[in-house]
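Enquirer: What TrEMBL shows for this protein is this:
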BINDING   14, 202, 204, 239  Mn(2+) binding site
DOMAIN    5-268  domain 'Pyruvate carboxyltransferase'
REGION    394-512  region 'Regulatory domain'
Ligand code: KIV
Ligand code: ZN
């Protein structure tokens with residue numbers, strides 16, 4: 001019998017809690033479909049009780065996904081659990097993940113509950129959840145900083161109540177690999193019914209050790225589920241990164257001796273889709289999915305790799321989905337070639353109407369840009385998604401003038417609920433003038449907390465992909481826009497962020 005490691009992806013829940021990373025229902029659905037192609041075992045789709053939008057997203061994902069378990073998070077109370085159960089009704093395989101904090105600090109300062117009250121609430125929550133669904137995961141939030149005796153008592157009780165997976169979060173990223181591994185081992189050895197549940201690790205990256213801690217939880221502690229996110233997305237310094245943990249277990253099978261269901265060829269596509277949807281750019285030297293992860297710049301390395309690849313490469317770039325920056329489509333490519341390339345990139349489109357709209361945008365781009373790369377196609381479909389959020393604002397056209405020694409001027413035409421308006425302004429540079437032109441009309445009052453430009457496929461002929469992060473009344477959103485003209489890309493990104501500010505409902509944070 002093989003020893004299987006379960007990959008539990010929480011990009012759409014814990015990853016989405018990162019300020020500015022919130023996604024629309026359709027964006028989440030699209031990512032969930034790619035996670036299913038990646039053969040993730042469990043997709044944590046959201047936190048249904050946190051907002052109506054998230055409830056609808058989890059429901060849509062539960063109805064669409066057939067090959068992965070779909071999970072919904074809930075606090076340890078009947079209302080949250082009931083909402084999760086309702087959202088998961090249509091799932092082929094559903095899981096409720098319920099949690100309550102067990103560390104002295106969290107119980108006293110956040111929950112204002114005694115340990116006995118927390119113990120009882122955990123017991124009742126798991127009992128209630130098991131009455132709704134057969135697959136129930138329990139997490140003692142801030143578990144790693146909890147008193148071991150108390151934690152053993154709570155976990156023994158919830159396993160008796162039918163919890164099928166026990167997840168031990170290092171909520172604040174405080175753990176050290178050896179200590180965390182031994183902590184899981186200690187819990188499994190001390191809890192008499194520990195063999196009735198699958199043990200899971202959930203590590204945050206505040207000290208940069210989320211992946212190492214998770215792997216120690218597996219190797220030393222005997223955990224058989226890892227909770228992780230694409231690109232390590234998540235609050236603060238993020239979560240354990242899926243691509244790193246998966247490739248570590250696969251590349252060092254000699255050490256871990258574990259099997260994975262993951263189809264690693266979709267890793268790069270998933271990384272790009274998450275980055276382009278959220279606007280969280282992947283650092284070039286990021287393991288596995290960074291642009292430089294397989295690039296050999298030094299002469300000695302290049303020489304070695306040309307002679308024998310494994311002199312400097314421990315993984316093959318193509319095994320994780322890297323293709324050489326090749327021209328994939330052009331002006332003359334037809335709708336079928338475009339549709340097939342979308343499928344190869346893992347982009348699922350439901351309706352013919354959606355494909356037609358994306359194809360139209362592709363044709364417009366191909367008219368202006370002779371070579372179209374995979375990155376362009378992904379940007380184009382992500383940008384299309386973003387531009388549909390709420391449909392409050394949509395870009396129409398832009399003209400600007402800049403000349404050395406003169407203050408740049410911009411005129412932007414855009415629609416507000418379908419009606420065309422024009423904004424004009426000057427600014428420090430053409431981008432500044434264009435965004436001020438939009439703001440002169442919208443008057444959102446939002447503060448810009450981040451502006452970044454990235455050349456999608458590396459050269460000056462590339463499309464520029466712009467991320468704009470806006471903050472208003474305590475909410476933070478990211479807008480992404482792509483265009484061969486970076487001033488236009490900036491205006492699109494700004495309008496997309498304004499759309500998100502308009503449409504995003506108040507949400508309850510999972511760890512709040
Ligand atoms: O980090 C954490 O403790 C969590 C729980 C809600 C599982 O994300
Ligand atoms: Zn977490």
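Yeah, the Cβs are placed from backbone N, Cα and C, and that goes for glycine too.
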Enquirer: Report the same-chain neighbours of residue 239 (Mn(2+) binding site): residues 6+ apart in sequence with Cβ closer than 8 Å to its Cβ, ordered by sequence.
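Expert: In sequence order, 10, 14, 15, 202, 203, 204, 205, 210, 227, 228, 229, 232, 233 meet the Cβ cut-off.
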Enquirer: Measure the Cβ-based neighbour count of residue 204 (Mn(2+) binding site), defined as the other Cβ atoms within 10 Å of its Cβ.
Expert: 25
Enquirer: Using all protein chains in view, find how many other C-beta atoms are within 10 Å of the C-beta of residue 202 (Mn(2+) binding site).
Expert: 28
Enquirer: Quick one: mean pLDDT on the domain 'Pyruvate carboxyltransferase' (5-268)?
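Expert: Summarising the domain 'Pyruvate carboxyltransferase' (5-268) by its mean pLDDT gives 97.
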Enquirer: Suppose we draw a 10 Å sphere around the Cβ of residue 14 (Mn(2+) binding site). How many other Cβ atoms does it contain, all chains included?
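Expert: Counting Cβ neighbours of residue 14 (Mn(2+) binding site) within 10 Å gives 26.
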Enquirer: Name them in sequence order: residues not among 14, 202, 204, 239 whose Cβ is within 8 Å of the mean position of the Cβ atoms defining the Mn(2+) site.
Expert: 10, 169, 171, 203, 205, 210, 227, 228, 229, 234, 235, 238, 240
Enquirer: Report the DSSP secondary-structure composition of the region 'Regulatory domain' (394-512) as helix, strand and coil residue counts.
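Expert: Helix (H, G, I), strand (E, B), coil: 31 helix, 51 strand, 37 coil.
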